[in-house]
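J.: After the structure tokens below, expect a handful of questions from me.
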Amino acid sequence: MTKGRPWRAFGILALIEFLAVMDASIVNIALPSIGDALEFSTTELPWIVDGYLIGLAGFMLLAGRATDLIGRRSMFLTGVVAFTVFSMLCAAALEPWQLIASRVGQGLGAALAIPAAIALITDLFPEGAERNKALAVFGGMGGVAAPVGLVLGGALTEVSWQWIFLINIPIGIFVVAAGLRRLPKGRRSTGRRMDVLSALGLTVGMILLTAAVLRGGEQGWASPTTISQFGGAAAAMALFGIRQFTARDPLVPRGLFRSRAIVIGNATFALVGTILFGTFFITTLFLQQVHGLAPLEAALTYLPVPAAMLAGTQLAPRILRFGARNALMGSLVLQSAALLAWALLMQPDGNLIFTFMLPAATWALGAGIAIVGSFVVCTSGTESELAGAASGLATTSYQGGGAIGLALLVLLADTGTTSIGNDKDALTAGFALALIASAALAMLGAIASRFLPPRTKNDSDDEHAMAEEAEPRNGA
């Protein structure tokens with residue numbers, strides 16, 4: 001890397017963060033087109049989103065550890081190569097299982113690249129204002145990537161759904177070529193081990209739990225397959241939990257479990273992820289399946305949502321002056337009210353400005369504040385050596401909660417639809433039921449955040465500073 005030009009190297013890292021977040025939102029508008037082309041069933045369609053989230057959440061903690069052992073640049077470039085190759089395989093998929101498996105691979109690639117990118121930023125910039133600025137820009141990429149992903153996804157899907165994945169290939173090749181020239185190799189650490197068994201337990205547990213939820217709604221909760229999947233999920237999750245208390249170098253340092261704020265904060269962040277990813281999935285389908293909008297029309301109609309969410313993340317540092325607990329409670333109550341209003345106003349032939357866009361934007365404003373507030377609660381007040389682990393755990397909770405919660409909300413929507421009929425009124429009723437469930441989950445999160453420790457003056461200053469330095473990616 002040319003000395004004195006760290007911002008050029010930073011641009012390479014920020015580009016892959018942009019791409020990783022965009023790939024979580026770009027598929028939403030394309031879901032009906034992909035479902036029709038590859039003949040996805042109702043219970044298979046959520047896996048297009050869930051596969052990516054599970055790959056990302058399941059390996060994020062392990063990748064953070066591996067980054068310091070293998071080398072930061074090597075891990076980053078490995079992740080980018082994996083992301084690019086699996087993007088190509090997504091575009092080439094001819095069967096649902098091929099696309100789902102490739103989406104898990106995409107998530108794995110992103111999980112390898114993102115922690116390494118954050119670590120490389122600390123190599124590029126000395127501690128202080130310059131590093132904080134870089135981290136803020138990196139974290140804020142999600143607010144830009146989400147609306148770009150929606151509009152770009154709509155435009156590309158009008159041509160062919162494969163293009164939402166093919167667009168990643170030239171960008172990935174550029175990042176690898178530029179990274180080899182400009183990125184520092186980064187430091188290595190040999191003092192700690194990788195707990196691969198924990199990562200496998202977490203990932204397998206999430207896959208089996210998601211499959212059990214979706215299959216239970218389709219084949220019955222008492223079917224042998226559903227019961228075995230729930231049992232396997234419980235065993236895998238138990239393995240992950242036991243390893244955190246018995247392994248020499250656990251993925252989640254035991255010190256984090258002693259913090260009430262971190263435990264409640266991660267539980268709340270998982271609920272925030274559940275609401276966000278589930279609501280995105282349900283409502284983008286509503287625009288196309290019920291209102292019959294073309295992909296680009298649906299994307300433009302949905303644009304106020306990421307715009308309001310970005311506004312919420314920008315507003316959050318000011319609201320956090322009143323304490324993260326109060327900010328979280330208020331934002332979750334706002335989400336609950338907006339989601340309930342959205343469900344009650346939802347109509348198959350209503351004016352979309354009043355029945356969709358306004359309540360959706362109000363919900364998204366609260367979601368943006370909640371994302372920042374949850375992240376701050378999960379990471380503030382930790383000792384410096386635990387800060388990276390706390391950040392990784394928060395991201396895992398958010399993405400993992402989104403994957404499992406999306407399956408639950410899809411199940412509710414499908415149940416509400418099939419119990420009434422198959423026309424647009426029935427679809428609307430099913431989608432509204434899922435939004436009501438989201439409203440209930442938001443209220444549950446508000447109640448949980450009430451039990452966060454009260455802030456001190458120092459806590460308030462730390463929370464405000466953290467929110468200003470780095471707005472966490474929303475992954476929408």
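Glycine is no exception: its Cβ is also placed from the backbone N, Cα and C atoms.
It should be emphasised that the depicted structure is a prediction, and the values quoted were computed from it without experimental measurement.
Features from TrEMBL:
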| type | residues | note |
| --- | --- | --- |
| DOMAIN | 9-457 | domain 'Major facilitator superfamily (MFS) profile' |
| TRANSMEM | 12-33 | transmembrane segment |
| TRANSMEM | 45-63 | transmembrane segment |
| TRANSMEM | 100-122 | transmembrane segment |
| TRANSMEM | 134-157 | transmembrane segment |
| TRANSMEM | 163-184 | transmembrane segment |
| TRANSMEM | 196-215 | transmembrane segment |
| TRANSMEM | 221-242 | transmembrane segment |
| TRANSMEM | 299-320 | transmembrane segment |
| TRANSMEM | 327-346 | transmembrane segment |
| TRANSMEM | 352-377 | transmembrane segment |
| TRANSMEM | 389-411 | transmembrane segment |
| TRANSMEM | 431-452 | transmembrane segment |
| REGION | 455-476 | region 'Disordered' |
| COMPBIAS | 456-476 | compositional bias 'Basic and acidic residues' |
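In terms of burial and nearby residues, how do these features look in this structure?
T.: Beyond the ends of the transmembrane segment (45-63), by six or more residues, the same chain brings 20, 23-24, 27-28, 31, 34-35, 75, 79, 96, 99-112, 114-116, 194-196, 198-199, 202-203, 206-207, 210, 214, 251-252, 277, 281, 389, 392-393, 395-396, 398-400, 402-403, 406-407, 410 to within a C-beta distance below 8 angstroms of the stretch.
Listed by sequence, the residues of this chain that lie at least six past the ends of the transmembrane segment (163-184) yet keep a Cβ under 8 A from its Cβ atoms are 1-2, 5, 8-9, 12-13, 15-16, 19, 23, 26-27, 30, 72-73, 76-77, 80-81, 83-84, 87-88, 90-91, 120, 123-124, 152-153, 156-157.
Counting only same-chain residues 6+ beyond the ends of the transmembrane segment (327-346), those with a CB under 8 A from a CB of the stretch are 268, 272, 275, 279, 286, 312, 316, 319-320, 354-356, 359-360, 362-363, 365-367, 369-370, 372-374, 377, 428, 431-433, 435-436, 438-440, 442-443, 445-446, 449-450, 452.
When Cβ-Cβ distances below 8 Å are used as the criterion, the transmembrane segment (389-411) is approached by residues 42-43, 45-46, 49-50, 53-54, 56-58, 60-61, 64, 115, 118, 202, 206, 209-210, 213-214, 216-217, 251-253, 256, 262, 265-267, 269-279, 281-282, 371, 374-375, 378-379, 382, 434, 437-438, 441, 472, 475 of the same chain, each at least six residues removed from its ends.
Tertiary proximity for the transmembrane segment (431-452) is limited to same-chain residues at least six positions away from its ends with a CB under 8 Å from its CB atoms, namely 260-261, 264-265, 267-268, 271-272, 274-275, 278-279, 282-283, 285-286, 290, 324-325, 328-329, 332-333, 335-337, 339-340, 342-344, 346, 370, 377, 405, 408-410, 412-413, 415-417.
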J.: State the non-local partners of the transmembrane segment (196-215) in its own chain: residues 6+ outside its ends, Cβ under 8 Å from one of its Cβ atoms.
T.: 43, 46-47, 50, 54-55, 57-59, 61-62, 223, 225-226, 229-230, 232-234, 236-240, 243-244, 247, 250-251, 396, 400, 403-404, 407-408, 410-411
J.: Who are the long-range neighbours of the transmembrane segment (100-122) in its own chain, taking Cβ under 8 Å and residues 6 or more past its ends?
T.: 9-10, 13, 16-17, 20, 23, 44, 47-49, 51-60, 62-64, 66-68, 72-73, 75-76, 78-87, 89-90, 93, 131, 134-135, 138, 183-184, 186, 388, 391-392
